[in-house]
Amino acid sequence: MLIKLLTKVFGSRNDRTLRRMRKAVSVINGMEPAMEKLSDDELKAKTAEFRARLEKGETLESLIPEAFAVVREASKRVFGMRHFDVQLLGGMVLNERCIAEMRTGEGKTLTATLPAYLNALTGKGVHVVTVNDYLAQRDAENNRPLFEFLGLTVGINMSGLPAPAKREAYNADITYGTNNEYGFDYLRDNMAFSPEERVQRKLHYALVDEVDSILIDEARTPLIISGPAEDSSEMYRKVDKIIPHLLRQEKEDSDTFQGEGHFSVDEKARQVNLTERGLVQIEELLVEQGIMEEGESLYSPTNIMLMHHVTAALRAHALFTRDVDYIVKDGEVIIVDEHTGRTMQGRRWSDGLHQAVEAKEGVEIQNENQTLASITFQNYFRLYEKLAGMTGTADTEAFEFSSIYKLDTVVVPTNRPMIRKDMPDLVYMTEAEKIQAIIEDIRDRTAAGQPVLVGTISIEKSEVVSNELTKAGIKHNVLNAKFHAKEADIVAQAGYPGAVTIATNMAGRGTDIMLGGSWQAEVAELENPTPEQIAQIKADWQVRHDAVLASGGLHIIGTERHESRRIDNQLRGRAGRQGDAGSSRFYLSMEDALMRIFASDRVSGMMRKLGMKPGEAIEHPWVTKAIANAQRKVESRNFDIRKQLLEYDDVANDQRRAIYTQRNELLDVSDVSETINSIREDVFKATIDGHIPPQSLEEMWDIEGLQERLKNDFDLDLPIKEWLDKEPELHEETLRERIFEHALEVYKRKEEVVGAEMMRHFEKGVMLQTLDSLWKEHLAAMDYLRQGIHLRGYAQKDPKQEYKRESFSMFAAMLESLKYEVISTLSKVQVRMPEEVEAMEEQRREEAERLAQMQQLSHQTDESEAAEAIAAQTGDRKVGRNDPCPCGSGKKYKACHGRLS
C-alpha cells in the first residue's frame with residue numbers, strides 16, 4: 001500500500017528514467033531545423049567531427065543530442081523515415097546498458113541505428129545480435145545505406161564464411177550476426193594457433209535484438225565445439241529395442257492405475273526414473289539380449305556406460321515426442337525450438353540423447369562428440385564491456401535481467417495508444433470441446449472478413465487444428481517448422497481479410513503482419529511493375545486495410561497457455577501494432593500440459609463448484625488468476641534452474657578466462673624461451689625432489705628411480721650412480737645443478753641443429769597444443785565432478801562450495817601437469833630439418849581446421865557421458881595410483897582422473 005502511494009507521488013523508476021530522457025528528446029527536436037539546413041556533405045562530415053571531439057576527451061553521453069539529430073536527419077534523406085520521439089527514447093535506453101521493451105511494430109530496427117551509430121564512433125566496433133541469419137542479413141542490408149551515408153562501414157557475420165571474410169566483417173564499424181556465430185567465433189579464436197587466425201576484436205558493445213529469446217530462453221544452451229568420440233551407435237540400437245517392453249508407472253489416483261510400472265515420469269522436472277520392478281525387468285532383458293552377464297547389476301561400476309544408454313533411451317521414448325520436440329526430415333532428427341517453433345538445423349542434444357532419439361526413429365545414428373571448447377550465452381555476453389538489448393516482452397523477466405546481467409528494463413511507451421482488446425481466457429473440461437469452440441470462433445470471425453491468427457505450442461497441435469479446419473471447410477495456411485521456406489509469404493499475407501493462419505509460437509518471426517495483407521509482396525511478384533500497376537495495388541490494399549479495421553483488426557487465438565507469460569504476450573503482440581485495432585483470446589482445457597502439471601487440482605475444483613456441463617466454458621477472474629499463478633510457478637522454477645546453472649558455470653568461467661588470457665598472451669609473443677626456462681627449472685626441481693628429498697640422508701635417495709624417470713620422461717641417460725660412486729663427497733645441491741646443466745646442454749645441441757627461430761616456433765606450438773589437450777581433459781573431468789556433486793548434500797556439505805574447492809584443486813593440478821608435459825615433450829623430441837617441421841605444422845593446422853568445423857550447439861541434459869566413460873573403464877578393478885589412467889591420456893592415474901577420487 002505504502003509503495004503504491006509513493007509511486008503515485010514520485011512516479012515509478014521507469015517514469016523517472018523516461019522523464020529525464022524526454023528533456024534530451026526536446027533538445028534533439030530543437031536541433032532539427034539546423035540539421036535540415038546542412039548539405040549532404042556537411043551532414044556526412046559530422047561523423048569525423050564527432051570522432052575528433054571524442055579524441056579530445058568529450059564523452060559519448062555529451063554527443064547524444066547532436067549524434068541522434070544527425071542520424072534522424074540522415075534517415076529522412078536516405079529512407080524518407082523520421083525517427084519518432086519514442087524511438088529516440090528507445091535509443092537512449094539502449095545506450096545506457098538497459099533493456100528497452102518496445103511493442104511489436106514500434107520500429108526496433110530503426111531505433112537500433114541510433115545507439116549503433118553513437119557507439120561506432122569510438123572505433124571499437126558494435127555487434128548487433130539477431131536470432132537468425134535471415135534477420136542479420138535483412139537488417140544489415142536495410143540499414144547499410146544509412147550507415148554508409150554517414151561514413152561508417154557495415155559487416156555481416158554469417159555462418160560458413162571463410163576467416164578473411166569474417167575478419168573483414170568484424171573490422172567494420174557495425175557488424176550484424178547471430179548469437180550462435182559470435183559465440184562460436186569467440187571459441188574458435190581461443191583455439192587458434194597464430195594471431196592471424198583470430199577474427200574477433202576486443203568485445204566492446206553488443207546490441208541484442210529479441211534479447212529475451214537470446215539471454216533467457218537460450219541461457220541454458222551451451223555453445224560447444226566438439227571433435228569425434230568413439231562410435232557406440234550399435235549399443236543405442238540394442239538398448240532401444242528393449243524400451244518398448246517396459247510399462248510406464250501411472251499415478252495411483254488415475255483411472256488407468258494397475259500397480260507398479262517399470263518407470264515413472266516426472267513431467268515437471270523432465271526426468272525418467274526406473275522403479276524396483278523396472279530395474280529387475282530391464283536387467284532380465286539386457287541378459288536375454290546378451291548385453292549384460294547373468295547375475296550382474298545394472299548399477300555396478302562396470303555398467304555405468306550401459307546405464308547411461310538405458311537412461312538416454314528411456315528419456316527419448318518417454319519425454320521426447322515426434323513433431324513436438326523434434327521432426328524427422330531426410331533421415332535426420334532435427335530439434336524444434338520449444339520457444340519459437342523453428343527447426344534448429346545443426347543442433348544436437350548432448351549426453352547421448354540425440355543418438356537415442358535417432359535409434360528410436362530408426363534413422364542413421366551419428367557419432368557422439370567430445371567437447372573441445374564450450375561457453376554458455378550467459379557468460380559469453382557478460383564478456384562485453386557494454387551490453388544492451390531490445391524486445392517486445394521483457395518486463396516479466398526484468399528481475400532476471402537485473403540479477404544476472406545487471407541490466408535494468410525500461411518500458412518505452414508506444415507511439416500511438418494501444419487499443420487491442422485482450423479478452424479473458426475460456427477454460428473447457430476437455431481438449432475436444434476446446435478445439436470445437438476455436439473452430440466456431442474462427443468461422444464467425446472469418447464470415448465477417450476478420451483475419452485470424454491461431455497460435456499453437458507445437459507442430460502436433462498445429463496439425464490437429466489444421467485437420468479440424470479442413471473438416472469444417474475453412475481455408476487456412478499453416479506456419480510451422482515443417483514449412484520453413486514459405487514462412488515470410490504466409491506471415492506477409494496473414495492480415496488479408498478473412499485469412500486464417502495457424503502458427504507454431506510466433507516468437508521471433510521478424511516480419512510484421514500488415515492489415516489487408518502486404519502490398520509490397522504483391523509488387524515483388526511482378527517482373528517489371530509500372531508506376532500505374534503499383535498505384536493500383538496500393539489502392540486495392542487500402543480498401544482491404546480499411547475493411548479489416550472495420551471488422552475489428554487481426555484476431556489472435558491462443559490454443560493453450562505457454563509455460564512463460566512472455567511467450568503468450570509475444571503472440572498477443574502480433575495484433576494491435578502501431579495503434580491498429582485488434583483482439584486476442586486464449587482457449588484452454590484441463591488436459592493442457594500446463595494445467596495438468598501445475599494448476600489441475602485447484603482449477604478443476606473451482607470448475608466443479610461452478611457446476612460445469614460438457615461443452616460449457618468457464619470465464620472467471622479466479623481461473624485466470626490461478627493460471628497466471630501456475631505460469632509464475634514455472635517461470636520461477638526455470639529461473640532457479642538458470643541461476644543454479646550459472647553459479648556452477650561461473651566456476652568453469654573463471655578458469656576459462658584464465659586459460660584463454662594465458663593462451664592469447666602466448667599467441668601474441670614470438671619468443672617463449674624465458675617461460676620455458678623458468679618452467680624447466682620448476683619441473684626438474686620437483687622431479688629430483690621426488691627421489692632425493694631436500695636436506696635428506698643419502699640412504700633415503702632413490703637413485704635408480706631417478707635415473708629411470710629422467711630416461712623415460714626427459715630422454716636423459718645420466719650415470720648418476722657412477723658419479724656418486726666416483727665422487728662420494730658429491731653434495732645434493734651440486735648433484736641437482738649437474739643434472740640441470742646436462743639437461744640444458746642436450747637441449748641447446750638440439751637448438752643448434754634446427755636453429756633458434758625454428759626452436760622458438762616449436763616451443764610455442766608445443767605449449768599451445770599441450771594446453772589445449774589438457775584443457776579438453778579438464779572439461780570432461782569437470783563434467784564428471786558436476787554430475788555427482790549433489791550427493792555431497794547428504795553428507796551435510798554444500799555442493800556448490802565442494803564443487804568450487806575440488807574444481808580449483810583440479811585446475812591447479814592441470815597447470816602442474818601442463819608444466820611437466822611441455823618440458824617432457826620438448827626434451828624427448830627428435831630434431832628434424834626445418835622443412836620437415838613446417839610440413840608437420842601444416843598437417844596439424846589442417847587437423848585443427850577440420851575439428852573446428854565440427855561445431856555443435858548442444859542442449860544441456862543431465863548426464864555426461866564423456867566422464868562416465870572414464871568411470872566405466874575403471875570397472876571393478878582397482879586402479880593403482882601409479883597405473884596409467886584408463887581414460888587413455890597416457891598420464892598416471894593419480895595425476896589425471898585419480899584427482900577426483
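The backbone N, Cα and C atoms fix where each Cβ goes, glycine too.
Just one of Gln87, Gln493 is listed by TrEMBL for the same ATP site as Gly105, Glu106, Gly107, Lys108, Thr109, Asp512, and that one is Gln87. Looking at 338-384, 855-901, the stretch flagged in TrEMBL as region 'Disordered' turns out to be 855-901. Highlighted in sequence order, Met102, Thr104, Leu110, Thr111 have their Cβ within 8 Å of the centre of the Cβ atoms of Gln87, Gly105, Glu106, Gly107, Lys108, Thr109, Asp512, the residues recorded for ATP, and are not part of that set. Take the CB of Lys108 (ATP binding site) and look out to 10 A: across all protein chains shown you find 21 other CB atoms.
The record assigns Gln87, Gly105, Glu106, Gly107, Lys108, Thr109, Asp512 to the ATP site; their largest pairwise CA distance measures 17 Å. Taking Cβ-Cβ distances under 8 Å and a sequence separation of 6 or more, the neighbours of Gly107 (ATP binding site) in its chain are His83, Phe84, Gln87.
Taking every protein chain shown into account, Gln87, Thr109 are the binding-site residues, and of these the Cβ with the most other Cβ atoms within 10 Å belongs to Gln87.
The domain 'SecA family profile' (3-619) scores a mean pLDDT of 82 in the predicted structure. Of all the Cβ atoms in the protein chains shown, 21 others lie within 10 Å of the Cβ of Gly105 (ATP binding site).
Minimal Cβ crowding within 10 Å, among the binding-site residues Glu106, Asp512, is found at Asp512.
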